[in-house]
Amino acid sequence: MDVGELLSYQPNRGTKRPRDDEEEELKMRRRQAGTRERGRYREEEMTVVEEADDDKKRLLQIIDREGEEEEEEEEPLDESSVKKMILTFEKRSYKNQELRIKFPDNPEKFMESELDLNDIIQEMHVVATMPDLYHLLVELNAVQSLLGLLGHDNTDVSIAVVDLLQELTDIDTLHESEEGAEVLTDALVDGQVVALLVQDLERLDESVKEEADGVHNTLAIVENMAEFRPEMCTEAAQQGLLQWLLKRLKAKMPFDANKLYCSEVLAILLQDNDENRELLGELDGIDVLLQQLSVFKRHNPSTAEEQEMMENLFDSLCSCLMLSSNRERFLKGEGLQLMNLMLREKKISRSSALKVLDHAMIGPEGTDNCHKFVDILGLRTIFPLFMKSPRKIKKVGTTEKEHEEHVCSILASLLRNLRGQQRTRLLNKFTENDSEKVDRLMELHFKYLDAVQVADKKIEGEKHDMVRRGEIIDNDIEDEFYLRRLDAGLFVLQHICYIMAEICNANVPQIRQRVHQILNMRGSSIKIVRHIIKEYAENIGDGRSPEFRESEQKRILALLENF
């Protein structure tokens, strides 16, 4: 290595961390040349530094002058220049590989070629500004060559490749050229990019800042590709990413940006994906999530970022509980006990714990969890939350409506699934203290009935205007209106009316009389409640088998006979 090489050095255009001065630039060059061999060849490096220091002023003048000339003479990026760049990359990659094979124990022999390889990788960042030319990366086999370098012996090279791939797959860039994005994504998926990235992740040391950045950029590649092509999430999880994410989450390391990013990517992989949910369960992922969340049962997150990670983990857990097999794992892992404890501790985690319990107990698959919840004295926890919505919930981003929605859904699930002694214990709660819980139920009923009636009036006005303009109200528009009504409060109201029907069919005269008494006092009618429950029954069972849908509708409508 000589002064000529230093003169020919081009700044790292792709790096996200600009260097402050020439001295820092030289240090970075030495690190990229061979971090792992630094100890053995420190003497040679010192010689280079001395040469640089001797000619520092002259070097800076020449570099500044050449930089100005380059700006003036720089050619616009086109197919020809990209092809030339890719050819240079292939040559330098091959040369470095050849020298490493020829001189495996003499880094000074291949150090220069590694510098050259790193330089051209940095120059290739400019291709990310022209996604229309991505097809050249595929046609000239550059993508496969880049993927091959993910396993390079020098992690500095693999990190440089990861940084480049992250920029090439930036979601905003991908949307600029759908065709170019498709070609690049196909090539990356065909080359099993995630499997190679995971292998690279396994050897990175996050105590080294550059390698920690490499981990972050790797996760960004996965996020970018998952957003552009959601179906690749299943393959990504099966190629070892899900297992690595779980391992990284439970690693005994201080909270950092990478742990937050891991929680985000995990939530993405599990979204609407039963295969990944099942795989997580098989990898003991439910236990990992519960262990990580247990930290927040008595302590609030210390930062906004840590709170975001906590919410991501809760979202992942809720997503997994959509699968019945994971509800069994949740039960065995004492997830109910943890969530119940969080409800009692009144920390920030309480709102999310309530959502988890809702997911764990809903539907016939939640029967075992419902019974266990009563056994661990969960009724003592849930009914105070039913009687009064906490004042502090707005501070943690949860609305009063969301809180009441989850509580009412849990009570509806308990009434649906409980049998025997546990059901009796639940019904007795509605007779305590002069039926105060029935009074609260009716208070919520009128609150949400009013909200839904306001929404219905607005929707009817919109329908009238559409008819007047000659527009057709098709099924899609009707579905949209129904979703708006659900969001306005119909979803909560349906659960409230279902609870009313269940407790009035419980052969407890005191409860039934109180419900009818309050309805009459408010000038309301059983007909309104029946209409709401019928509408609820008609729309139940979405995504389930026709047999379940039919039997559930019959069961719900049967409740109206004795209401």
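For all residues, glycine too, the Cβ spot is worked out from N, Cα and C.
As written in Swiss-Prot, here are the features:
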| type | residues | note |
| --- | --- | --- |
| COMPBIAS | 34-45 | compositional bias 'Basic and acidic residues' |
| REPEAT | 79-129 | repeat 'HEAT 1' |
| MOD_RES | Lys91 | N6-acetyllysine |
| REPEAT | 134-176 | repeat 'HEAT 2' |
| REPEAT | 178-228 | repeat 'ARM 1' |
| REPEAT | 229-273 | repeat 'ARM 2' |
| REPEAT | 274-323 | repeat 'ARM 3' |
| REPEAT | 325-363 | repeat 'ARM 4' |
| REPEAT | 364-417 | repeat 'ARM 5' |
| MOD_RES | Ser389 | phosphoserine |
| MOD_RES | Ser545 | phosphoserine |
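Most buried of the modified residues Ser389, Ser545, judged by other Cβ atoms within 10 Å, is Ser389. Note: the Cα of Ser545 (phosphoserine) and the Cα of Ser389 (phosphoserine) are spaced 36 Å from each other.
For the repeat 'HEAT 2' (134-176), the residues of the chain that approach it from at least six positions outside its boundaries are 14-16, 31-32, 34-36, 79, 82-83, 86-87, 89-90, 93, 100, 114, 117-118, 121-122, 124-125, 127-128, 183-188, 191-193, 196-197, 199-200, 203-204, 210-211, 213-214, 217-218, 220-221, 223-225, 227-228, judged by C-beta separation under 8 angstroms. In this structure the C-alpha atoms belonging to Ser389 (phosphoserine) and Lys91 (N6-acetyllysine) are separated by 67 Å.
Tertiary proximity for the repeat 'ARM 2' (229-273) is limited to same-chain residues at least six positions away from its ends with a CB under 8 Å from its CB atoms, namely 185, 189, 192, 194-195, 197-199, 201-202, 206, 212, 215-216, 219-220, 222-223, 279-280, 283-285, 288, 291-292, 303, 305-306, 308-309, 312-313, 315-316, 319-320. If you look at the repeat 'ARM 4' (325-363), the same-chain residues 6 or more away from its ends with a CB under 8 A from one of its CBs are 277-278, 280-281, 286-287, 290, 293-294, 296-301, 307, 310-311, 314, 317-318, 369-370, 372-373, 376-378, 381-382, 385, 390, 392-393, 396-398, 402-403, 406-407, 409-410, 413-414, 417. According to DSSP, Ser545 (phosphoserine) sits in a coil region rather than a helix or strand. DSSP assigns Lys91 (N6-acetyllysine) to a helix. With helix defined as DSSP H, G or I and strand as E or B, the repeat 'ARM 3' (274-323) counts 36 helix, 0 strand, 14 coil. Secondary structure counts, DSSP: the repeat 'HEAT 1' (79-129) has 47 helix, 0 strand, 4 coil. The repeat 'HEAT 2' (134-176): residue composition by secondary structure is 34 helix, 0 strand, 9 coil, according to DSSP. Per-residue confidence over the repeat 'HEAT 2' (134-176) averages out at a pLDDT of 96.
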